[in-house]
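Feature annotation from TrEMBL assigns Fe cation binding site to His255, His305, His372, His562.
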Amino acid sequence: MAFTVSSTTVAGGNVFPSIWTDSDDSGRNIISRNGFSLMNKGSLLHLSTKGRNRRALSVTCSVATRPLFSVPSSPPPRESSHERKLSAWTSIRQERWEGELLVEGEIPLWLRGTYLRNGPGLWNIGDYSFRHLFDGYATLVGLHFNNGRLTAGHRQIESEAYKAAMKNKRLCYREFSEVPKPANFFSYVGELVNLFSGVSLTDNANTGVVMLGDGRVVCLTETVKGSIQINPDTLETIGKFEYSDKLGGLIHSAHPVVTESEFLTLLPDLVNPGYVVVRMEAGTNERKVLGRVNCRGGPSPGWVHSFPVTENYIIVPEMPLRYCVQNLLRAEPTPLYKFEWHPESKAFIHVMCRATGKIVTTVEVPLYVTFHFINAYEEKDEDGRATAIIADCCEHNADTTILEKLKLQNLRSLSGEDVLPDARVGRFTIPLDGSATGKLEAALDPDHHGRGLDMCSINPAFLGKKYRYAYACGARRPCNFPNTITKIDLLKKTAKNWHEEGAVPSEPFFVARPGATEEDDGVVISMVSAKNGEGYALLLDGSTFEEIARAKFPYGLPYGLHGCWVPKNAENPLLGK
């Protein structure tokens with residue numbers, strides 16, 4: 001059997017094959033697919049080839065089995081040893097790729113479906129480099145599991161922000177810390193008008209990806225306009241996910257709560273400080289207001305990146321890290337970017353009934369900083385009545401410096417110093433007896449996971465229910481970023497940790513084995529940006545936490561944020577509509 005790679009050499013000697021053909025020994029074509037495709041006019045590759053010579057290259061290799069990935073026969077340009085160690089924070093080098101990966105170990109045959117991971121993967125426009133991890137243009141990576149085999153690929157999400165940047169060779173929309181540079185005072189005034197109307201806000205959906213109850217798959221960020229539907233099989237951008245209601249809103253929680261029947265999210269209200277809780281039924285695009293929470297303190301609502309639910313309640317967090325309109329207007333970012341820290345405004349947790357939208361209780365809690373809630377559940381008495389709510393999160397000890405530590409210049413530093421701020425499993429206890437205060441304590445000794453914690457997942461069957469296990473990224477110190485995968489046992493208050501020197505794993509995502517009766521019966525999937533410019537997909541046994549398989553990518557993967565699982569038998573009746 002043989003395969004042929006057709007390619008084009010571009011600036012720097014890099015080779016990007018455009019068609020990969022697998023054929024049998026008689027020369028009959030079996031498969032033809034896109035590999036490293038050259039981008040359209042206005043894209044990064046088009047710009048990099050300007051004024052350069054190009055030459056066609058055709059290579060035929062004989063192999064005993066079908067090729068493992070569609071890769072060039074010539075290696076990419078060499079990087080310095082310093083750059084190769086930083087693949088997690090280096091921009092993706094091509095707009096799209098796909099191929100089959102060689103698996104070391106054994107993938108369970110029951111694992112059939114697609115793991116999608118979203119995140120910022122392109123942190124520059126030409127020679128201009130972005131400041132912050134959260135600024136990068138979204139790169140969607142897919143792992144397709146079928147009968148023990150693994151194919152993979154990535155594509156840039158074609159948001160308006162991304163397409164405009166590629167076409168105009170400059171930043172055109174407001175990202176997390178980046179603001180388009182106005183040409184003059186009048187254009188600055190126009191930019192302010194566009195900010196308040198939402199026109200200049202980015203739709204760069206680089207944060208999360210969810211499968212709705214009807215099978216549609218949507219990538220999300222904190223701007224409402226940054227909701228983009230994608231095809232989970234091809235990773236292609238289908239188009240903007242349009243909400244059919246008239247609720248409007250500029251921002252929402254980057255992480256909604258999604259079940260088979262509904263989509264729940266929070267819309268922060270910056271004018272009348274509070275949060276509007278909305279619900280969208282599966283199969284529709286219409287959000288309906290479930291209820292509203294007014295802020296107890298501060299000049300504006302606290303940042304709400306995520307929130308938890310129980311079987312009967314929606315938990316609305318009110319952090320003292322609050323949105324700041326003045327910081328939104330600044331051309332240059334402050335250390336807290338679009339937020340301000342207001343400890344004097346205190347911190348609260350609100351509890352809303354899922355059935356009626358009424359506020360059940362509001363309690364003051366110790367100051368906290370969290371991006372990601374893990375889960376929540378109701379504590380009940382002998383008669384089955386809820387007496388308290390337990391809500392767990394990745395809590396940063398009320399230390400706001402975590403935002404500044406996520407600047408790319410800090411992440412790319414290999415000083416060897418221990419600069420990652422401490423974090424823990426912060427456990428809120430919210431009484432339902434009318435008490436005015438709640439508790440916030442560590443659910444286990446943070447030293448068990450290296451006093452680092454973020455990017456968490458659980459068995460989805462336990463959403464809103466009492467649970468035992470959580471999977472997250474922890475730390476082996478000294479470090480400047482979470483560098484382990486940890487399985488946390490909230491019953492025994494212990495943790496198991498996976499670590500590989502020089503590796504930066506992304507969010508560990510738990511997929512339960514069909515028919516499983518034990519909470520941790522399944523696999524944990526993570527994509528790892530390894531040292532020396534390498535990258536691979538990793539599978540751990542959810543129970544033993546031992547490695548069962550890994551599959552190496554032909555290139556280094558940038559770090560990614562959040563993912564979702566699309567089962568092989570999932571129906572997509574509305575896909576593409």
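Glycine is no exception: its Cβ is also placed from the backbone N, Cα and C atoms.
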In the same chain, which residues outside the set His255, His305, His372, His562 have their CB within 8 A of the centroid of the CB atoms that define the Fe cation site? Thr207, Gly208, Ala254, Ser306, Phe371, Phe373, Leu561
Binding-site residues (His255, His305, His562), the one with most neighbouring Cβ atoms at 10 Å: His562
Neighbouring C-beta atoms (10 Å sphere around the C-beta of His372 (Fe cation binding site)): 20
